[in-house]
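Undergrad: So TrEMBL lists the following for this protein:
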- Arg23, Gly24, Ala25, Ala26, Arg66, Asn210, Lys211, Lys236: substrate binding site (BINDING)
- Cys131: active site, proton acceptor (ACT_SITE)
- Asp200: active site, proton donor (ACT_SITE)
Amino acid sequence: MTDHRLAPDVEETAEAIASMEIRGAATIAAGAAEALATQAREIDADSPEAFRASMRAAARTLRETRPTAVSLPNALRYVLRRMGGRSVDALRESVTDAVEEFVAQLDRAQEDLGRVGANRLADGDTVMTHCHSTDALACIEAAVDQGKHIEAIVKETRPRNQGHITAEQLREAGVPVTLIVDSAARRYLNEADHVLVGADSIAADGGVINKIGTSGLAVNARERGVPIMTAAQTIKLHPETLTGHTVEIETRAEDEVIDRETREEIGDIAVENPAFDVTPPRYMDAIVTEHGQFPPESIVTLMRELFGEGAAEPWAEP
Ligand code: RUB
């Protein structure tokens, strides 16, 4: 008999990802991997088959929380593909080891890409940011560590205002911050030397999927002649796009955009709330990863090297 019970921590992590208490592609990946480790430690399986089935069930529950950040399925794949052994104890250990290795790699990758990104920033530069990306912040923080003076223009990023998190973290890093509303971005591009964003997924053609508003910002930056880069560790590369799949763009609740009372006052209107958009590769100057920086169009080579041409999902029932 297979045992599909989930450790409470898996349900809690899934809920926290869905409600965006845990958010941002890298943080989601680490949270999901750690939930798999808890599942491995806490479930009481009476056979290796039951253990494997319960790990697959946990991965499916985590997978279903948010659709756009590919770091989530990439994290689950990383761990489940390393699950091995003949006994429950051996399987358990293989999962907890894989999670430890995965999380250490995430941290290392972010540190490495931070140094690569920092090399594009010069002393005295002003950087415009969108949303909150730990990979993008790693570049600015590395530049500051190199002794460069960096200032930031931070877009608030409606509807959830993740720009506030960016503003706080940059201020804590000693970076002078100017917070602006999203619609002021084009006006303030005159004062920016770079635009720096993160990514939830990167497609094989070099398209960057990131917080809604990134593509408009990129077009404006190009028009103003301000270089724009994406900071994204390779866990953000979307392997299924190698075989022609498109990336699902998450749609979130209307009440993130407008509260119920105001909406009722306005009357019968439609409200749309897509969480992400796609920036075509021609509007992006560079993708900065832990393996160096790439023109978007050549990211496919790295993607093939790291992910191959795809394989069966490890959380599917055999
Ligand atoms: C977050 C977002 C971030 C990327 C990269 O969207 O678009 O730019 O996830 O973040 P949300 P990181 O707030 O909807 O999750 O560099 O931390 O992985």
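Quick reminder: no glycine exception, Cβ is built from N, Cα and C everywhere.
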Undergrad: Inside 10 Å of the Cβ of Arg23 (substrate binding site), count up the other Cβ atoms and send me the figure.
TA: 18
Undergrad: Arg23, Arg66, Asn210, Lys236: which of these binding-site residues put a Cβ within less than 6 Å of any ligand 1 atom?
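TA: List returned for ligand 1: Arg23, Asn210.
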Undergrad: Could you check the binding-site residues Arg66, Lys236 and say which one's CB has the fewest neighbouring CB atoms inside 10 Å?
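TA: Checked Arg66, Lys236; of these binding-site residues, fewest Cβ neighbours within 10 Å: Arg66.
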Undergrad: Name them in sequence order: residues not among Arg23, Gly24, Ala25, Ala26, Arg66, Asn210, Lys211, Lys236 whose Cβ is within 8 Å of the mean position of the Cβ atoms defining the substrate site.
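TA: Near the substrate site, the remaining chain residues are Thr27, Ile28, Thr68, Ala69, Ser71, Ser133, Gly198, Ala199, Asp200.
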Undergrad: Whole-number Å only: compute the distance from the Cα of Arg66 (substrate binding site) to the Cα of Asp200 (active site, proton donor).
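TA: Approximately 11 Å lies between the Cα of Arg66 (substrate binding site) and that of Asp200 (active site, proton donor).
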Undergrad: Restricting the comparison to the binding-site residues Arg23, Gly24, Lys211, which residue's C-alpha is spatially nearest the C-alpha of Cys131 (active site, proton acceptor)?
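TA: Of the binding-site residues Arg23, Gly24, Lys211, Lys211 has its Cα closest to that of Cys131 (active site, proton acceptor).
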Undergrad: With the cut-off set at 10 Å between Cβ atoms, which of these binding-site residues ends up with the most neighbours? Options: Asn210, Lys211.
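TA: The residue with the densest Cβ neighbourhood is Asn210.
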Undergrad: Can you tell which of the recorded positions (Ala25, Ala26, Cys131) has the fewest other C-beta atoms within 10 angstroms of its C-beta?
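TA: Taking Ala25, Ala26, Cys131 as the recorded positions, the minimal 10 Å Cβ count falls on Ala26.
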Undergrad: When a 10 Å sphere is centred on the Cβ of Asp200 (active site, proton donor), how many other Cβ atoms does it contain?
TA: 30
Undergrad: Counting across all protein chains present, how many other Cβ atoms fall within 10 Å of the Cβ of Gly24 (substrate binding site)?
TA: 23
Undergrad: Compare all C-alpha positions of Arg23, Gly24, Ala25, Ala26, Arg66, Asn210, Lys211, Lys236, the record's substrate binders, and send over the largest distance in angstrom.
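TA: So the binding residues stretch over 14 Å, Cα to Cα.
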Undergrad: Going by DSSP, give the three-state secondary structure for Lys236 (substrate binding site).
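TA: In the DSSP reduction, Lys236 (substrate binding site) maps to helix.
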